[in-house]
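Worksheet: one structure, shown below.
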């Protein structure tokens, strides 16, 4: 009984213990979901996640400060310790109104979080799980805020007040966003009413608040806006010119006026080369440690992003100078000041006169008022305006148009990224969250070269891009948003560059000074401090990697395919002590032979590849697997087999008999097929040298109806399988089949009218399938559906002819036809500027296409079309293919005729790639500036062209007569570099081409507006040094591409600044104001 009782008690105890453990686990789970558990914020994949909302796409931002880390989701702020433990210290529950982003998110203290979303702003405090939030009233009756677009908040610590800058859509005028600056008492409950506010003038639009901070008794905001250029209004009493400016705004922290009259704004920039006022600020960060402001802005004149750095000491000095200068002029002297500044009415003279570029927002009128002393009485300090004896003549709210020049840190060519949303400094490097043109969001790490050019180092995708997508922790980790939550990354050589390939993509130049250790069994990324412990340290080169290695079946040598082989000089192979002499070397493989008396046995399992990298010899071991052996015959060493007594005669006889048997079988099959299917016609296209045709040329039509009898049902089946959004009802089309207008790779083209609804009708083009190439025909349509760009032909849809069941591709109608025919036509008056516009349009379209990882493979003037406004659109995608994302190459699977006169010589060995289109683009520009001549017209075929191009890099198409030397050398010859890696990308070309135009405008603008004659074929065969060769008379080849900033003049224009009589209406390059920045190129103090 005792024993039984004991056992019973043990069971009860075990049951109770299990229940207790279950309750403990349940309590832990409940605490975890409530955000109270002191657990880590790190999952098994090294991803920081939001515990309070399991769907991690709800993570909208992350910030750090006061030794805390705050993760913001749609409905909660989760607060953690900013250390390795990441323990939860509290959370704030927000109201449940829908929000998609935070426009401001800032820690004011260890217990205060300020936020703004699209509709409201508030201040929250927390203590563990207890929290409260206030709502900041943004307006009374006026203005009526429809949506907040940007915001920045600053807490004035010693006063317990908050200043808030917001830009917003006004319900009454939503197309012109406005700005307000408001001041509040810091309050974390209820509704907080502003104690003062300032609304910007109505002529200032598209405002955006970038950042804000407090410094030495003043509050600063960095903002950007579009506004009327007030100096011109002042001179001429009217102006329609608007400028886009970036400005720093200062308020006195102790300003007690109801409308914040201490406000002063100064314009800032650092565009020494292009000194026009036309810069849109995108993101800014104040570096407290170094007392600097870093601003990323987009310059509309240079078409580049710029990173500018400003010393706060210089900014503050400018503010003091502006205020003191305005206080020097009394009210009685204002008329004389106006006369002195306004006459003569010449801007260049006015800008050098003291105080003539600072205006007061005395009221909300668009007429600018020169600043004079505030309040009409004695001169006041900027922070004492509330003591003014009179409420009249309150000349505050100053704005100075003398642009303060900062230090140019970096030029970032467009479109390296679209818009910079946020910026983090990391020593000599930077992290930025950026958005692209095609809904692509990335985090970048980059630094500046000595010449202020960007050096990209590292890049990764993020799920949501915004002001708070990235942050840096105390442990020198980068946190960024992903679809999983928050990804953590060590900011170190090993964290950023885990393998040599990532180093090669930009890590070599990282200021972290990373390199690759290629030691046996210890290959890794190392820092400069670890170099001494590495025997095989590599910098700027990666060790080769063996993809496979095959041994000859007579054991006399190897063939090896090696990645990264070009880095190795004087390569050698050694197999188990046996030297294998390298006999054949190409771009990615080597072959080697052993001595006749040496044989590599089957027991050998390792091969060493050695050679020079830089000035040091390296040796890399590779395992030789049994499965790789005996797969190749060494023809060179057949004599070795003779010495060993083998007789190859019978092998040769068998080979001959086998080949003859195969030929006989193929002949029988061909004979059978030709008699079995007599109606199937094989269409052979003419050689490429004879087929210089455009997409709208009429082609061969015979045999079509017979082909339909075989494939009609297949067409219907394939059409039904197409995506619904691509299908067009044939009943909505009226096709003019009596007048075909041309032929593409897979179809015949007709004009048509498309009526998707009763009230809408538009001209379109219908391309009908020819000769049964159904898969390639629909592939062209699928490819076109991937594109949406103003310089690429738009796909309307795909239809099926009701009567013939022929598939149809429907595209937009291009009124001016193909580019080749247009430039060939001598009746068309074409100016040199038009040719530049055509080239620029094509470059933009190709830049977009390459960003989508497609290559065109048939880029030529005949495949570019012109709309009624002479905008070029790239067409004919019959050869367009998706490239491999890693190699950026496309492997040709089927032989067919190709436009080889537009192709680079390397395609015969390496296949098609991104750089193939770059070469073709150079030929397209040559076509443009010869007005449609045929490339290599004196050579009959590719057999002659290919060896001529390979023989020397000087063997290239000659510079067309009348073509500017700078265009030929900087663009055409650059596109025709023998090494594909040295060719510019289209992302470079969209900047280079406008710069060539600016260069030309510097010495002969009239030439751009002159008619450009068609080049006679006789001149194309002449040497450039031949006396009969026509020349561009005003060529100045020794003039630098961009003038020095000290010699810059008001004559600098952009490509888009076309005279009214120009036939082109392209607005691809934005207009810029003719007004220059008013200070010198270096950073100025006043």
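From the backbone N, Cα and C atoms, a Cβ is placed for every residue, glycine too.
The N-linked glycosylation site feature in Swiss-Prot is assigned to 276 (among others); the stated evidence is sequence analysis.
The N-linked glycosylation site feature in Swiss-Prot is assigned to 299 (among others); the stated evidence is sequence analysis.
Annotated N-linked glycosylation site per Swiss-Prot: 461 (among others), in sequence order. Long-range Cβ neighbours of residue 461 (N-linked glycosylation site) (same chain, at least 6 residues apart, Cβ-Cβ under 8 Å): 440, 441, 442, 443, 482.
Among the features that Swiss-Prot reports, N-linked glycosylation site is placed at 554 (among others).
A strand conformation is recorded for residue 617 (N-linked glycosylation site) in the three-state DSSP classification. Residues or ranges marked as N-linked glycosylation site by Swiss-Prot: 617 (among others).
For 1056-1086, the entry in Swiss-Prot reads region 'Disordered'.
The signal peptide annotation in Swiss-Prot covers 1-34 and rests on sequence analysis.
According to Swiss-Prot, the feature site 'Required for shc-1 interaction' maps to 767.
Taken from Swiss-Prot, the feature topological domain 'Cytoplasmic' applies to 673-1086.
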Q. In Å, rounded, how far does the Cα of residue 617 (N-linked glycosylation site) sit from the Cα of residue 299 (N-linked glycosylation site)?
A. 48
Q: Would you kindly give the Cα-Cα distance separating residue 767 (site 'Required for shc-1 interaction') and residue 299 (N-linked glycosylation site), rounded to the nearest Å?
A: 42
(Q) For a quick check of understanding: among the glycosylation sites 299, 617, which residue's Cβ has the most other Cβ atoms within 10 Å? (A) 299
Q. Per DSSP, to which secondary structure element type does residue 299 (N-linked glycosylation site) belong, with helix, strand and coil as the options?
A. strand
**Q.** Count of other CB atoms lying within 10 Å of the CB belonging to residue 767 (site 'Required for shc-1 interaction')
**A.** 26
